[in-house]
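*Asks:* Take a look at the following structure, please.
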Amino acid sequence: MATVNPRHAAFLILNRIAKERSYADILLDQELSHGAIKGLDRGLLTELVYGVLRRQGTLDHVISLFSSVKIDRIERSVLILLRLGLYQLLFLDRVPVSAAVNETVKLAKILAPKAPGFVNAVLREADRKRDAITWPDKAKNQAEWMAARHSVPQWIAKAWLGQLGPEEAELLAEAMSEAPPLTIRANTLKNSREQLIETLAAEEVPARPCRFSPLGIQISSRTPLTVLNSYQQGLFTIQDEASQLAALILDPAPGDRVLDVCAAPGGKATGIAELMGNTGEVVACDSNPRRLAQVQQLAKRLGTGIVGAALMDAEKPLASSLANSFSKVLVDAPCSGLGVLRRNPEGKWWKSPDDIEALAQRQRLILANASSAVAPGGVLVYATCSTTIRENECIVDDFLSRHNNFVLEDIRVFRPQYAILCSNQGYFRPWPHQHGMDGFFAARLRRQEKL
Ligand SMILES: C[S@@+](CC[C@H](N)C(=O)[O-])C[C@H]1O[C@@H](n2cnc3c(N)ncnc32)[C@H](O)[C@@H]1O
């Protein structure tokens, strides 16, 4: 039965995420769509679920300081209740301390009947001693400090420290534990960015143009966008600025034949079709039929009729009918998502270095198979929303060492206006803490005419 209590609903969602590795966005959509939770409580529920997942490392550090039981011996439901209560105590100014503690203890009476006293004791102690919370010694072990202070697993902290150095890695970890910006892409088949900003203003949604993407708009309120008329009419889609720029880096033109080998849910495929003025063809493939249906729904709402969805496993050699026949091919590969942890924070608690290795093997295969579809002189863009070198630079280096008919194009030369978003090897490599967009990677490769 649906609960009307947002804290109870947050508990149920966090419990399922921990137990079944479900996704926060899917569970939240389900919970909010049946309408039992109303008004401001809907915002509180979303805040609690994402906030606890984003700050879980910090919350667990504080729990371990004030709990008489070692954290790995605390039963899962009790630990989730403690995280929920502590998140409200430490991060939500608008929730009074008494409500944060009492509401959590009330829930414990229902959900963990042996533990209300323990929950009450840990939360009250954390509140009393909040100014005396201690952290690991940053000078001795910065990864351990980042794990506690900025809620990033140590193996990820170590990777970022190696890539960026201590100051930048800390800023990145901090940015990754914050809520991400809400960014949309104007559908230029139906309106210009300026017209859309005016339409949104009439719908009382404050909006301003993005800095880099000529199609991008940042929304500065937390208004639910999907209920707006402008959304339902397909005047825009929700998409981060980095993903918008990936389509611009592919640079599709009207009349092109484009293959998007990992296309679902269709954000980039529809963006490509919009850039093509809905003239030409976009073949949007994916191996997941459920996600492929989302491509069709999105294309319908946006009116991008040239997008055709097709089921395909790009880890297998592509059908010979696709060979050498596309002027542009996009590989937006399945990846660890370490660049979008602030959007999908549950991911950071499940992933491990072994996953990165397994993903790299798949990415290598997908890129090699997709390259067979590129026509002579055509362009192949390889993209991920991961920060790791293993899933990005290493994949492209390996590809180029085995395919001497492709060359790397420097994105700083091709699109000088994005030069500050690029690495000094000419890859597109924006970072949340520097550029306000998702951590992303894109390489632009060209098939030579003759080889
Ligand atoms: C990063 S997402 C793509 C996002 C999409 N390009 C967009 O902009 O909306 C990666 C996609 O790769 C798909 N995928 C995973 N393995 C695949 C495979 N072997 N062949 C084709 N698609 C695959 C996943 O189902 C997922 O939809």
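Here the Cβ of each residue, glycine as well, is placed from N, Cα and C on the backbone.
Bear in mind that TrEMBL entries carry predicted annotations, made automatically and left uncurated.
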*Asks:* With C262, A263, A264, P265, G266, G267, K268, D286, D332 listed by TrEMBL as S-adenosyl-L-methionine-binding, which of these, D251, D256, D313, is given for the same site?
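*Replies:* Checking D251, D256, D313 against TrEMBL: the S-adenosyl-L-methionine site match is D313.
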*Asks:* May I ask which residues of the same chain, at least 6 positions away in sequence, place their Cβ under 8 angstroms from the Cβ of C262 (S-adenosyl-L-methionine binding site)?
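*Replies:* Once residues fewer than 6 apart are set aside, C262 (S-adenosyl-L-methionine binding site) is near C285, D286, A314, V331, D332, A333, P334, I366.
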*Asks:* Can you see whether DSSP assigns D313 (S-adenosyl-L-methionine binding site) to helix, strand or coil?
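*Replies:* It is coil.
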*Asks:* By a 10 A CB contact count over all chains shown, which of the binding-site residues listed here is most packed: A264, G266?
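*Replies:* The residue with the most neighbouring Cβ atoms within 10 Å is G266.
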*Asks:* Taking the Cα atoms as reference points, how far is C385 (active site, nucleophile) from A264 (S-adenosyl-L-methionine binding site) in Å?
*Replies:* 14
*Asks:* Reduced to three states, what secondary structure does DSSP give C385 (active site, nucleophile)?
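*Replies:* DSSP call for C385 (active site, nucleophile): coil, neither helix nor strand.
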*Asks:* For K268 (S-adenosyl-L-methionine binding site), which DSSP three-state class applies?
*Replies:* helix
